[in-house]
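Enquirer: Provided herewith is a single structure, encoded as structure tokens, for subsequent inquiry.
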Amino acid sequence: MKLAYIFLGPMAFFLLAGCSCVLSTSNGDLLTFVGCAVREFTFLAKKPGCRGLRITTDACWGRCETWEKPILEPPYIEAHHRVCTYNETRQVTVKLPNCAPGVDPFYTYPVAVRCDCGACSTASTECETL
């Protein structure tokens, strides 16, 4: 049986380390929340040759329903795996401080506009199965 694992590269940081929430729920509600929503998140943008810059942005956060069931014919399993993913984004570019000469000081990152439970899309997410 294959299990789906999602590796989101830079987006994983947005999804896993969220800070104050745009959802109007308490922390207890977030533990049981099933769905996908835009959530405020702060991270440190950095690249070699520049100082880091703390950025607050919007990212996708949530849990989506998923299931697997055995079937009698190959591949012997029917799977329905949805992930919380970006439905709509916009790009924002900032200038990092104190960059060394010859280093491009600009850093571009995605901002979530709308998030949904959906199939893993390689356009915005690194999808991998083991």
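In case you wondered, yes, glycine gets a Cβ from its N, Cα and C as well.
The following feature annotations were taken from TrEMBL:
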- 35-129: domain 'Glycoprotein hormone subunit beta' (DOMAIN)
- 1-24: signal peptide (SIGNAL)
Enquirer: Average the pLDDT scores across the domain 'Glycoprotein hormone subunit beta' (35-129) and report the rounded value.
Expert: 91
Enquirer: Under DSSP, the domain 'Glycoprotein hormone subunit beta' (35-129) has how many residues in helix, strand and coil?
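Expert: Looking at the domain 'Glycoprotein hormone subunit beta' (35-129) with DSSP, the answer is 0 helix, 61 strand, 34 coil.
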